[in-house]
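First up is the structure itself, then whatever we jot down about it.
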Ligand code: ADP
């Protein structure tokens, strides 16, 4: 099973992807997590990505395309994977199409979570409050300014992907405003 999750920051992609990971025994590939790991380890990629991420802007297509291409080759991806946060631009989607073709792989579905923008800001604020309450570390891009920028980046660069995958006939849209269980049930129906 090879899936892509599309949706704005805070739409619930990560939450749903984690649930599917357990169900299908395939890994969730979050480019955000991979980049944060690179930043934490201060690798070359991490050093290049940090300031861009903190400002809420997108890391270059070249960097993320390479990270994903390498990650997909790992043995735990043999049965499939769930991409969360990639592709995020039309050129990334085109690169992914080529990448999969060259590896002889096909996508099973592209699932878009639709959520109102007002709810997204509230969700980010809740995530920050919960993280603080549980003694965790708040993401350096989970602040109102960077979040606004992430939403703008989404609107300008990522939202056009819906069109791209609608044209390829792979796009399935789910109401991301419903509660977590209802969203999961809707996704199950699509994948059944
Ligand atoms: P969000 O919760 O906003 O969806 P992520 O954890 O997916 O955040 O990503 C955090 C940051 O990592 C992004 O704002 C961006 O700087 C960088 N990033 C993640 N995935 C990509 C990608 N596919 N292309 C470019 N930048 C990315």
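Just so it is clear, glycine is given a Cβ too, placed from its N, Cα and C backbone atoms.
Note that the coordinates shown come from a computational prediction; the quantities given were computed from them, not determined experimentally.
TrEMBL lists 10, 11, 12, 13, 14, 15, 127, 178 with the feature ATP binding site. The number of other CB atoms found within 10 A of the CB of residue 178 (ATP binding site), across every protein chain shown, is 15. In the three-state DSSP scheme, residue 178 (ATP binding site) falls into the coil class.
Among the features that TrEMBL reports, region 'NMP' is placed at 30-59. Residues in the region 'NMP' (30-59) partition by DSSP class (helix H, G, I; strand E, B; coil) as 21 helix, 1 strand, 8 coil.
Taken from TrEMBL, the feature AMP binding site applies to 31, 36, 57, 58, 59, 85, 86, 87, 88, 92, 139, 150. Neighbours of residue 31 (AMP binding site), defined as other CB atoms within 10 A of its CB across all chains, total 21.
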Count of other CB atoms lying within 10 Å of the CB belonging to residue 88 (AMP binding site): 20
When distances run from the Cα of residue 127 (ATP binding site) to each of the binding-site residues 31, 57, 86, 88, 139, the nearest one: 139
Confidence summary (mean pLDDT) of the region 'NMP' (30-59): 95
In three-state DSSP terms, the structure that residue 14 (ATP binding site) belongs to: helix
Nearest of the binding-site residues (10, 12, 14, 15) to residue 86 (AMP binding site) - Cα to Cα: 14
